[in-house]
Protein chains: 4
Amino acid sequence: MNGENFCLSEKIVSSSYVRQGSQARRGHEQLIRVLLEQGKCPEEGWSEATIELFLNELAVMDSNNFLGNCGVGEREGRVASSLVAKRHYRLIHGIGRSGDIAAIQPKAAGSSLLNKLTNSVVLDILKLAGVRSAASCFVVPMATGMSLTLCFLTLRHRRPGARYIIWPRIDQKSCFKSMVTAGFEPVVIENVLEGDELRTNLEAVQRKIDELGAENILCLHSTTSCFAPRIPDRLEELAVICAKHNIPHVVNNAYGIQSSKCMHLIQQGARVGRIDAFVQSLDKNFMVPVGGAIIAGFDEDFVEEISKMYPGRASASPSLDVLITLLTLGASGYRKLLSERKELFCHLSQELSALAQQYGERLLHTPHNPISLAMSLSSLQTHGGAITQLGSMLFTRQVSGARVVQMGVEQTISGHTFRGFMSHSESYPYPYLNAASAIGITCDDVALCIKRLDKCLKSLRRETGDSEHVTDPAPLTEVRAKRNLNGLGYLMELRIVFFCS
Amino acid sequence: MNGENFCLSEKIVSSSYVRQGSQARRGHEQLIRVLLEQGKCPEEGWSEATIELFLNELAVMDSNNFLGNCGVGEREGRVASSLVAKRHYRLIHGIGRSGDIAAIQPKAAGSSLLNKLTNSVVLDILKLAGVRSAASCFVVPMATGMSLTLCFLTLRHRRPGARYIIWPRIDQKSCFKSMVTAGFEPVVIENVLEGDELRTNLEAVQRKIDELGAENILCLHSTTSCFAPRIPDRLEELAVICAKHNIPHVVNNAYGIQSSKCMHLIQQGARVGRIDAFVQSLDKNFMVPVGGAIIAGFDEDFVEEISKMYPGRASASPSLDVLITLLTLGASGYRKLLSERKELFCHLSQELSALAQQYGERLLHTPHNPISLAMSLSSLQTHGGAITQLGSMLFTRQVSGARVVQMGVEQTISGHTFRGFMSHSESYPYPYLNAASAIGITCDDVALCIKRLDKCLKSLRRETGDSEHVTDPAPLTEVRAKRNLNGLGYLMELRIVFFCS
Amino acid sequence: MNGENFCLSEKIVSSSYVRQGSQARRGHEQLIRVLLEQGKCPEEGWSEATIELFLNELAVMDSNNFLGNCGVGEREGRVASSLVAKRHYRLIHGIGRSGDIAAIQPKAAGSSLLNKLTNSVVLDILKLAGVRSAASCFVVPMATGMSLTLCFLTLRHRRPGARYIIWPRIDQKSCFKSMVTAGFEPVVIENVLEGDELRTNLEAVQRKIDELGAENILCLHSTTSCFAPRIPDRLEELAVICAKHNIPHVVNNAYGIQSSKCMHLIQQGARVGRIDAFVQSLDKNFMVPVGGAIIAGFDEDFVEEISKMYPGRASASPSLDVLITLLTLGASGYRKLLSERKELFCHLSQELSALAQQYGERLLHTPHNPISLAMSLSSLQTHGGAITQLGSMLFTRQVSGARVVQMGVEQTISGHTFRGFMSHSESYPYPYLNAASAIGITCDDVALCIKRLDKCLKSLRRETGDSEHVTDPAPLTEVRAKRNLNGLGYLMELRIVFFCS
Amino acid sequence: MNGENFCLSEKIVSSSYVRQGSQARRGHEQLIRVLLEQGKCPEEGWSEATIELFLNELAVMDSNNFLGNCGVGEREGRVASSLVAKRHYRLIHGIGRSGDIAAIQPKAAGSSLLNKLTNSVVLDILKLAGVRSAASCFVVPMATGMSLTLCFLTLRHRRPGARYIIWPRIDQKSCFKSMVTAGFEPVVIENVLEGDELRTNLEAVQRKIDELGAENILCLHSTTSCFAPRIPDRLEELAVICAKHNIPHVVNNAYGIQSSKCMHLIQQGARVGRIDAFVQSLDKNFMVPVGGAIIAGFDEDFVEEISKMYPGRASASPSLDVLITLLTLGASGYRKLLSERKELFCHLSQELSALAQQYGERLLHTPHNPISLAMSLSSLQTHGGAITQLGSMLFTRQVSGARVVQMGVEQTISGHTFRGFMSHSESYPYPYLNAASAIGITCDDVALCIKRLDKCLKSLRRETGDSEHVTDPAPLTEVRAKRNLNGLGYLMELRIVFFCS
């Protein structure tokens, strides 16, 4: 309510109460002011009340919500279903204009603000998460694969003669398809085995560049986050090679924001060499629904070039989701999620290692992979079908995300045949099982996964006599909160979680 | 509740009441059954209660909502904000898999059902709206422009050597950019002036094909829905040319579903010649938020090929919106919207024509354009800036969608210079103002638009003496409903709207 | 957003767009201003967006939503479940204070405003509906019966020696219990039969007063809305008697707001005689959930006395519901509902009459009852159980609200035995079936009811040969809207509904 | 979805995925089954998804949501506003029937189930909270005061000649008014001072009974939860007196469920003597909006008698709120809230004591009051107006619930004059300030309250030199969770909160 309405209210209820109410309103306005002024993720999360107030204010600024609007265009933001209108907070016009996904819409000042603020808040978080020198980014309502395609399509206009994309192998279909869809020929670089880890073959990369000619290469397409035993690419070295040969470098950082290691690799790569763009998923890093990605880079102009390559308007839904989420969490809440993930990664690693020992298997030694773990399944190898059976047993028992990788699978995608598919290598020496500690994982997830995996393995062995008990995991200690109580001092909150039988 | 729970309820409240409640539940189940069985848009719309019940049921089938699930993957459908979870009805996993946007997700049976059903219901509506022989379609969470890009990228794999896209000129940035982004060279075919209408230059198309060689042409890219005085392309003739030369044909049907004429053109084109795909916007045809499109075609395999070209998962949000909307409206509700739009098109046309006369202008004669109208602004031409001033006056008065088109504007987009930009012609003889009757338009929209336009024109003329009064529009008569009252006979509802002073 | 935040927004998106957005905001504020200023139901209904904006603004003013509040009281408006918080728009403090349900709460300026405005808007509607001289009213979160009890308890303090309440018989349990619960002895006045109608026995009332002594009578408790063949009490005459004897008069106007006749009776009664309070249900008159009532009167002091009699705070939920509903409908929307109800009453009456004829029955002639109808069931009388069977057949066929009334039922309530219970008379000559046309009824309701009733009667007769067809009802013509189009003239909308076979 | 629909779904998406989805559905059904079977608060809280699923299922059973219903009654559960429909989950029919608030409605099996289950779950919680032998209870949509009135009105029918209610003084208006409204004469028993505590004067009670005669006394009306320095009444002794004299005994347990001490008093009172009914607020004990209460007792028949005294239907809103809340929290969640409250009571007590010392005041010694604390304000006594000024300073600084009590205030309520009003005593020796630790209070509430109070006191003293620093509070240690991980062992979670500067 504006000043006039507060005055009128004072005639109805006591003016001192109304004045306090009006002051309270200013509290919310103040939070919004800081957001508009700084364009940063607030340190402390907002209440749902403030968030909804803010979104309603934005919606009021869009022409489809003008009380006196009359529309005679072909796109007026009308909504047939009130369920639909409400779930979008009546923000209907999407983001961008025909020329540019980052452009401002005359019909939709509120949606335009939403778009600009989201990109700004997300950039702030990318910096907080480790890529401190990121210059620009934008949220795009397409998943990582299609977003990579858009980057490649943009580069085509800079390097019209180029045909190839150099790509250290990672066995994930959409990465591969992102290049094929853009109309380029992926040049697959097999990884090298170092201990248990599969790692970028720098020499092979260099060799391929020499062989094909830098001018014929659209870009190098590297990967950070990946399933163990593959580990993040050697970004620093690759970035240096790219700089040397003047080859663009696009990084698939799909779920890497959640790992300080992945973010550090990108920051370092850009510092010592060349990285043109890095692309990450919204859902995998920010716990929002599938369907959005962030395209970021170190050169504002290039990022803008990509955003101008997207023809037409786009859905505001992923932007809305990530903005709501980040305002809810605040920077402190996001940092807390990151640190919890890290701790539970250690916990999962210990648990899995202990379980592996009991069954004569081992946790593969992949210290460079900060998110994904792999446990060998050598003993199941000899029994035909035991490995796939384990996979379907886990599925039935509602263990989701634990995937089994057999040896010797062959798969052809868009004309290219991958031997040893899913293992990132033509001949990885063991079959294995992957488990990951991704953002939002809980202690319960780990405990239930280990318990059910234990049961499945036991039942596969058909030996009940020798099964030892799971060893108790180490206690987790965590500083849950350190709140500055308005100068009163600090309120510390520790959380200690441990098992007892 | 299942049978067991209904039995238990009978111990708490009277069993005859519970039995009636359980029977009532079956009523909702029955509606869902028919949808699952037939995959068609229900004739009568569903209540919000049934829709929400159905969406909740779908959500329950997704692994992120399993009560006993434990997740150790990198993408588990976790949601940080409950505001976000709710606005998506807890359907978090999006649609598609890494290989194919139409594929089924093991983790998300509910979301997969949603995806399949939406595509099926939308196909039903495409048929109902006039393209009776459409074979297949899918909803894609990208706006029309990017969806066209995806079609072109798919065709590249079929025609690797082709560089050109033949494109009868339509002055809308994202159409043009959709080709440039895909990496092709648009070959612009200027329109011919027939009376007031701008129409496809068939000879020039034929000439260009001969000149460039059919094998070098990726496809012909034609347009149905467009701003007057341009009219829909001569789809039949173009389709015949494409068939003759074996050139693919992609139709931009952006907001054409709402017009039986546009749909008829596509149906006929496919019957007598060749149309490979036609692309339409979700928001412009179904009154949902911006950000989705439908890619449809007459050959199931080709449509599937396009859907497989999208690398990675995608947002389910546009699918959800359109499904909710169509279930709410029902086929009958959608048909009613279409017929209301048509009637108000006539009404707007009459009103605009009458107003034009008062100001010595005229409604351009564009009988082939079923959606958009144009009124000349010749008398403003002589006054420097009067035309743009009119545009901004209308904007300020909250008349949205009415755009003014000046003569002689030049604009360069991605290297191509368009003379007479916005008018679809290098030298259209008059400046003009566009107004459209798009789906969802109301009688009030028309009345307010005419009234405000009148005021603006009056104020621009600065002559108040000669302004005559707006003539009363003809009454609208409409059969609002003809309901078969369960065999009792028909209940007819007429609606008559007219002005009186 | 306040001015400062709009300014900041202009740095992010174009200032002309932001300015338009800020102007649009003022449009909503303006509606709120008028409400605060006048305290009346707006003529045109508000959009859901404006309503939610307004409720959010109110909520922000309550202390439980202050961002910096700290609470060390025993009632701080905390909410454990966010589902609960949201469904109440975070308005948690209820209405009133310990002393007075109409009092203002220091902790809750927003809830207090809500309470005051609701009472004011409801008073406006009572006047609009016909009781033009109503002086004051308040919404109370109790159903009609308990609200009547509260009135009687208040009167006790004015007439401490009184024991009796004079009550023209109406067979509805909660009316009777409202007196018993308050601790008084109801003196039942049997109705007289005039034609088919059961009407107030004025002489008997007068006789009882003389017999018991006016000073021993707490009040006269009369009824307007009731099931046919009983008709509204002769309020004018009763009011005159009350005035003469100085006896308070409380009117049970349960669902009478929807009928101009009932409201007129109250207005007239108060004009010519004495009415102290009239009580009406919220759900039955305003289509909101069960649980609220309006206590109204012609003397502000007496109404305030009642409101002060309610000990403690109370739920704001019914107030919130009725305010949302009236803001949504607007006065025009409510008037439209009233006129539709009236038309459908005629329609139902014709239909029922025609059906009755087919089965040798007749529609009882009860022209003074404006809401409820009765159709004789004499032919079923002879068959043991046929009447109750008809009742349960209708229940099973989902005809709700059609109740059958047998002859000779005896029931004892709180010690008083009613002969001929449910028929408002010790010996009404026929059994019958009631059907009512209440606010919100639709044409479909009538058609389906008649059709199913026909089937049930047919099946009860077990004679299929002689069933004639239902005659077509007369067409309904209605002026749906007469909108003043901002001076352009009037837009008339007629609606004509008729049957055809 | 039912079995048939799951089968149909298997034709659309893979049957193994659908089967897993259907199994997942059974998980939710299972939770509902246990609730229906046992009628108890589930140990672990339900997810919002399960709760909404359940409420939707209930709504589907009500006739207003039947797809084929036709309504010709005067109350059909129609809703004019969809905002209203949704916020009540489409449960519109309220609870109870005209005769009995606990009765089952034929039109509303779902609402009836809701009502029965809520009462059953709430009874379970009353037992869990300490009144193990409670026999029956029901939720009533009226606040505590009006609910007490209903109890007194019920007792009138048992004791028609009685006029008096014996009432140990507690200075809270609605308690007093509850008796006056019911038409009885409260007989105020002044408390005795024991140390700092104000306690029941048993002798005076006994004396009054002898004086008035037991048969003239409707009941004894005692209180548990109250502001310090008054403490809970001596319930055991009072109950014994009541039993001896055969006088009914009604306990006002307004916010006593949250305190095991208050609940223990009731349990003991009923064991050794007589307690007929005890009444408690919903909002103060369960963190739901204001407006509901629980009437409970040890004799099922008497509780039913009260429920039958409520004339007419009633709002289901408070029942819905408390059911949602208890299903969300689960018994474990509620227990946790109780233990947190207790801990923070100690914390608040220490803090307040330390602060008092600094200002030469003291925390009054009231060990029998488990919720409310009082700190003397003797030093402010001498300065005219300083005490009320402190009150308004705290209000302005958003410290809500901290009330100041002056000496010598006189107030007349319904004809009775209370000297020393608000202090529960005609002459309490000190002025003081109250603060309470009520359910839902947080560590932040305490810290902020102390900090702001400190500032206010400092500023009132106008002496800044001698203000010492707040001493750090003792750390809180708490077992947050002890979860049995499906037999794996226990997962313990400790939470330790402490201050550091």
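Each Cβ is built from the backbone N, Cα and C atoms, and glycine gets one as well.
Note that this is a predicted model, so its numbers are computed, not measured.
Residues annotated as pyridoxal 5'-phosphate binding site in TrEMBL: A:R75. Taken from TrEMBL, the feature substrate binding site applies to A:R97, A:S98, A:Q105, A:R313. Annotation source TrEMBL lists tRNA binding site at A:R271, A:R397, A:R462. The N6-(pyridoxal phosphate)lysine feature in TrEMBL is assigned to A:K284.
Feature map: TrEMBL annotations on the structure.
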| residue | record | Cβ neighbours (10 Å) |
| --- | --- | --- |
| A:R75 | pyridoxal 5'-phosphate binding site | 22 |
| A:R97 | substrate binding site | 19 |
| A:S98 | substrate binding site | 21 |
| A:Q105 | substrate binding site | 23 |
| A:R271 | tRNA binding site | 13 |
| A:K284 | N6-(pyridoxal phosphate)lysine | 27 |
| A:R313 | substrate binding site | 30 |
| A:R397 | tRNA binding site | 19 |
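In the three-state DSSP scheme, A:R97 (substrate binding site) falls into the strand class. When the Cα of A:R313 (substrate binding site) is compared against those of the recorded positions A:R75, A:R271, A:K284, A:R397, the shortest separation belongs to A:R75. Taking the C-alpha atom of A:S98 (substrate binding site) as reference, the shortest distance to any of the recorded positions A:R75, A:R271, A:K284, A:R397 belongs to A:R75. Counted over all residue pairs in A:R97, A:S98, A:Q105, A:R313, the record's binders of substrate, the longest Cα to Cα distance measures 10 angstrom.
Of A:S98, A:Q105, A:R271, listed as binding-site residues, those near chain B by the criterion of a Cβ under 8 Å from one of its Cβ atoms are A:S98. Distance from the CA of A:R75 (pyridoxal 5'-phosphate binding site) to the CA of A:R97 (substrate binding site) is 12 Å. The closest partner of A:R397 (tRNA binding site) among the recorded positions, by CA position, is A:K284; the full candidate set was A:R75, A:Q105, A:K284.
Geometry remark: A:R271 (tRNA binding site) versus the residue listed as 'N6-(pyridoxal phosphate)lysine', CA distance 26 Å.
Across the structure, A:R75 (pyridoxal 5'-phosphate binding site) and A:Q105 (substrate binding site) are spaced 12 Å apart at their Cα atoms. Under the three-state DSSP scheme, A:R271 (tRNA binding site) falls in the helix class. Here the Cα atom of A:K284 (N6-(pyridoxal phosphate)lysine) is found 29 Å from that of A:Q105 (substrate binding site).
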